[in-house]
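Student: Take a look at this one; I'll ask things after.
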């Protein structure tokens, strides 16, 4: 039997979503099976799991099996795949308890962080037009913006101040700052005289447009804020946010395919080595952050 919002802890409630919550404290197998039943997270599970499977077989595996796999393209594909899988699992498993909710959404935030990092690394590795100074500082500042400005702050507020009223606004602001930084490697191409013939730029532009739409749906809780209870199972803002992120990912994948030739994707190029090192360093920092945040979460009582 599904629950109403007054029957679940405050931490597990969604704004303007009144019903469709799964029972708490069930065996993990219950939540895995719930992927095939109706509730207010099932659409979120499948809107990222199905694209993850498509990405795996249509993009990632063919790139790995290519005669000359392109490192920047693989980095982006891995980042998007991790984003989608982390999101799908988080929405599937988080409803078991408050502690499960915290853990799985830390995993979700980690996927988002790796998504942002891999976008920046792919664009950095595929860019021939950046100035020398920008080539030197771009990756370190990318990690500062993503991990410091967006990821660590989001995780801190989620674990330490989950009911802070401005938490969503701060998260949206940090995401916007990150989105702007991710377009720095493309700035020179947009300003060049030959930009009209650059087949990848329209894809990058559409990715940004879909990202803006995704932020509107998630941040403003549209349309459920205008009709609480009507869109509980299908149609509330976070579900539409997922669809917009799918479109962001699709455009980024196709743009990366155009941007990166086989020669530019060779693993021994210095900029690709930098990208790989930055990716693995980020994964290590993110894993350590999840561990430390969960240590704190275990000691908290979130409904007080």
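Note that Cβ sites are derived from N, Cα and C of the backbone, with glycine treated the same way.
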Student: Look up transmembrane segment in TrEMBL and report which of 42-61, 202-221 it refers to.
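Tutor: Going through 42-61, 202-221 one by one, TrEMBL flags 42-61 as transmembrane segment.
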Student: Among all chains shown, work out which of the binding-site residues 91, 238, 242 has the most CB atoms within 10 A of its CB.
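Tutor: Highest number of other Cβ atoms within 10 Å: 91.
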Student: With pairs closer than 6 in sequence left out, are the transmembrane segment (102-124) and the transmembrane segment (273-291) joined by 3 or more CB pairs under 8 Å?
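Tutor: Contact between the transmembrane segment (273-291) and the transmembrane segment (102-124): present.
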Student: For the recorded Zn(2+) site, enumerate neighbouring residues of the same chain (Cβ within 8 Å of the Cβ centroid of 91, 238, 242, site residues themselves excluded), in sequence order.
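Tutor: Apart from the listed residues, the neighbours are 41, 43, 44, 45, 47, 48, 87, 239, 241.
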Student: Are there residues at least 6 beyond the ends of the transmembrane segment (102-124) whose Cβ is under 8 Å from a Cβ of it, and what are they?
Tutor: 11, 72-73, 75-76, 78-80, 82-87, 89-91, 93-94, 130, 135, 138-139, 142-143, 146-147, 150-151, 154-155, 158-159, 178, 181-182, 185-186, 252, 256, 259-260, 271, 274-275, 278-279, 282-283, 286-287, 289-290, 293-294, 297, 302
